[in-house]
């Protein structure tokens, strides 16, 4: 193309090259210039194709070795610790079996459509979260940065939980288990049971004192817990080694880390069903309380669980799907992974309540034995008449039914004096109604249940190895949500970035392995992700449905999948999902405002938990976590809206596209026109120096409403987009 070629008007079906700097500018003057300017380029179609083909051969983006590996990676990321220790708690708390109906409805309304959306944009644009949202709308490019920040915050404390699991795993190779009984304290005169343990339980004591060595408040740091520091280091080393070689390495690990938890859950379920009382737990779990289902709180908690169970907004879903082939059926993947996640939660719920049913039965038998002895003592002391005890009852082999009968009789006969007798009802339902979740379920309730298992060390090893694998699967996706977009955007070496990221996270994570570290884990879990992720996903939905255009997006899906997705998704993305997400955001803000910010501190002298409010500096950290997570969104918007950064200097808003694919930036636009048109890429293009950029318009494509900026969308770019090599992104 001659250097002195002039800009003239042509018909819409002519071949055109446009400047991305003009297209990405949101100022009216730039838009007017775009509307009036087109460059005449007469280029044979086959030569342009040669450019793409040769470039793709030279620079290929890493890809999954197989479809199974990819599915396992997505399953490993979405199926995490929350499926085991959060979903069963919510199910029990919110009406048992009745909770499954609102959860399933919201999975169809929010979960699958938004999961499908993230898979689609990642696979179509083939970049991480930063590149995807910057590509769709530069002014909303901060969404990707916000996702990275949230991923980093979550990774900080999530790996601490993996460290805890590693500690318990390492301590499980003992018979008996170290948390089976309370330790004895010896002094010069006599031996006695540790008072803190005697007031609570052996498993509770082991968790708070032996494992965490916890302080009494968040203000009392107490120094580092060296045992947990080593475990945290080991967890980060495992994550770093798995991620450092990219998806080829982490993908292979997924074969074990994603499948092993299912083996353990099935083994636990079979073993638990053979134990006495397991059926009571499952029956209690799925006894529906339909009246609870109508409460708004149930729907809010179900929506939040659906939202976080699938890992929406983290960027890991987008990062994993960006390594797929362009024609992969991501709709099938979205439905498959979503229902695998759902049925995993059901399986985990069956296991949890079968085990807790057994535990409740053991505790109930112990309660009956202790209270029977107390009744015998009261009879001998004359406080209870022997005549009111039925003659057929044998206290040496008393059943639960016999004890219930005696308890009711004594309660009626000694109505006024009954409270002073200190007898317990010993009901299995009372024990099952003690809802536990999170660390309380995994490290206290479940560990206590396993002490009553035959061959308890074996089951303990299996259980905590399962937790480690569940955690690692989610961690791989979380770290991928940081690494992939940064590598795609800034062209740094993945190995170096991975090591730096893991090393930095370990250093910051030392605050979680202080004696007060558990309180910081609670703080980060409550404030670093919930609201920021909701805002991120709402903006993702808006960016695709309204900024880019839902109609063009549906056309892109048709081109990519080979069929038009059901119209159901059109209405979900455009109307229902945004309204549901906005309602969930408002409800979460209201709930956060009504709930006093604080944490449950362990009181050593009382051997019980006590709710404490965060100190002033703690509140500052809570607010800072939320602000820092969403801060990139308005910052990037203002920078791009006000043109505070010169696109020619090489920033994220300036990217070169050609026939729907990203090209390396020519150093000199005019000097490189001829080589680009004739199918040659100069050696100078290897440097991603973003400056003047060019577009080539396909014949027959629409005009302004298909331009590649936030206002006009990117329809024609995505309509014929070949696989984009990572080096070209």
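The backbone N, Cα and C atoms fix where each Cβ goes, glycine too.
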Swiss-Prot annotation (transmembrane segment) - matching range among 203-224, 335-356, 357-378: 335-356
Does Swiss-Prot give residue 167 and residue 437 the same topological domain, putting them on the same side of the membrane? yes
Would the transmembrane segment (453-472) count as touching the transmembrane segment (530-550), i.e. at least 3 C-beta pairs under 8 angstroms with sequence separation of 6+? no
Mind telling me which of the glycosylation sites 187, 383 has the densest Cβ neighbourhood, counting other Cβ atoms within 10 Å? 383
Per-residue Cβ crowding (10 Å cut-off), top of glycosylation sites 213, 394: 213
Report yes or no: does the transmembrane segment (453-472) come within contact of the transmembrane segment (571-592), defined as 3 or more CB pairs under 8 Å with a sequence separation of 6 or more? no
Given the transmembrane segment (253-270), its same-chain partners at Cβ distance under 8 Å and 6+ residues beyond its ends are 69, 72-73, 75-76, 79, 242, 344, 347-348, 350-351, 354-355, 459, 462-463, 465-466, 469-470, 472-473, 476
Which sequence-distant residues neighbour the transmembrane segment (571-592)? Criterion: at least 6 residues beyond either end, Cβ under 8 Å. 106, 109-110, 113-114, 117, 296, 300, 303-304, 307, 530-531, 534-535, 537-538, 541-542, 544-546, 550, 553
Within the topological domain 'Cytoplasmic' (643-729) only, compute the mean pLDDT. 37
Could you pull out which residues elsewhere in the chain have a CB under 8 Å from any CB of the transmembrane segment (306-323), counting only those six or more residues past its ends? 61-64, 70, 73-74, 77-78, 80, 82-83, 87, 103, 106-107, 110-111, 114-115, 118-123, 125-129, 132, 144, 147-148, 150-151, 154, 247, 330, 333, 337-338, 341, 345, 474, 477-478, 480-485, 488, 529, 533-534, 536-537, 540, 584
Look at every Cβ pair spanning the transmembrane segment (620-642) and the transmembrane segment (142-162), keep those 6 or more apart in sequence, and say whether at least 3 of them are under 8 Å. yes
